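Engineer: Relevant sequence annotations retrieved from TrEMBL are reproduced here:
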- 16-321: domain 'Acyltransferase 3' (DOMAIN)
- 39-59: transmembrane segment (TRANSMEM)
- 71-92: transmembrane segment (TRANSMEM)
- 127-145: transmembrane segment (TRANSMEM)
- 152-171: transmembrane segment (TRANSMEM)
- 183-202: transmembrane segment (TRANSMEM)
- 214-233: transmembrane segment (TRANSMEM)
- 245-265: transmembrane segment (TRANSMEM)
- 272-294: transmembrane segment (TRANSMEM)
- 306-333: transmembrane segment (TRANSMEM)
Amino acid sequence: MNNDSQVIVSKKERLHWLDYSKTIGMYLVVLGHVKDNTLLLKGIIYSFHMPLFFFLSGFLHKLRIGGGGKFCVSLVKQLVIPFFIFNGLTLLTKIKDIQTNGLIVTVYDFLKDFFESTFLGDLPVGPTWFILSLIWMKIIMFLLLKIREDFLSLLIIEIIWITALTLYYTLDFPQIPNYFHLGSSLLGFPFYLAGFLLKLKYKETIAWIKRKRWTIGLIFVFYIIGFLFNGFASLEGCKVGNYILLMYLTGLCGTLLTIVSTHLLKRPNKWVYVLSCGMIVILCTHGFILNMTINKFPIFELYSWAWYIYAVISCIIIMIIEIPIILFCSRYFKWAMGGRKIF
């Protein structure tokens, strides 16, 4: 294997920044889904929270996975089974909402919707869309690494990929079909690949940033410029904003700022580790909790300072509520977490 791929990321290093980054990203997801959120706050969150997840997922992509059979088994266990589970639960909540409005939903209706959203890629699939995107990205990355695995070749592929998408959107071709969220996956893959590229040059990159601290300020300036000029962007809906290149710039800069910030947190935290391990559970269940609490019972006048404080604190409480749910799934329902046990 090329020397570029000889990267060792210790468990201690992951606890110091990786778990914190994932937890911050998950908190932003919860906050971004608060009902009647302001466009500014939602725009800031959406500009980098999913790019952050895909970047970190790419960073965690294994250098050596083995053959296609082993890869498929791992993919089914870690992502496909959780998708089936949470997609079914999401449909159950939608059916409950329909029945609340006085409509009757039969078993046939449920099975039909479940089949269409699970096997035919019919939208929406609720919060499980990101699982589908991860499945696509892992498959693409697996195939790429079978061809080339050195840093330079993958960097060239990254540049070609972004250039092709830029031309596609600039020339106003029809939007990429989003069945099974393929469109979202193709748009988000550059962040996944960028995370893997950082993995290959992790120690050198961190050492360089520590020596050149002014780069942090430069990254922040680029983020502000990108956000102001690009407008609202969302990978889920394949919304790139005004300029697709600015979407990538903003997403990458926001991601890097988060990672640099979490490197300042020196102590590992057990509960942050639990939240990090339960990422799939949080991203697929927080909407249920939101709809039963803050979204159902708005207390303060919208967009007042009291409302903002209420929203921020409520989302922190929701993250805390998720901890026992994650621990329960880890012990009694581990397939919802990709077969993973925390302790």
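Including glycine, each Cβ sits where the backbone N, Cα and C put it.
What you are looking at is a predicted structure, and each value in this text was computed from that prediction instead of being measured.
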Engineer: Is the transmembrane segment (245-265) packed against any residues at least 6 beyond its ends, judged by a Cβ distance under 8 Å, and which are they?
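Structural biologist: For the transmembrane segment (245-265), the list is 16-18, 20-21, 24-25, 47-52, 55, 162, 166, 190-191, 194, 206, 209, 216, 219-220, 222-223, 226-227, 229-230, 233.
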Engineer: Return yes if the transmembrane segment (71-92) and the transmembrane segment (39-59) have at least 3 CB pairs under 8 Å (sequence gap of 6 or more), otherwise no.
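Structural biologist: No, the stretches stay apart by this measure.
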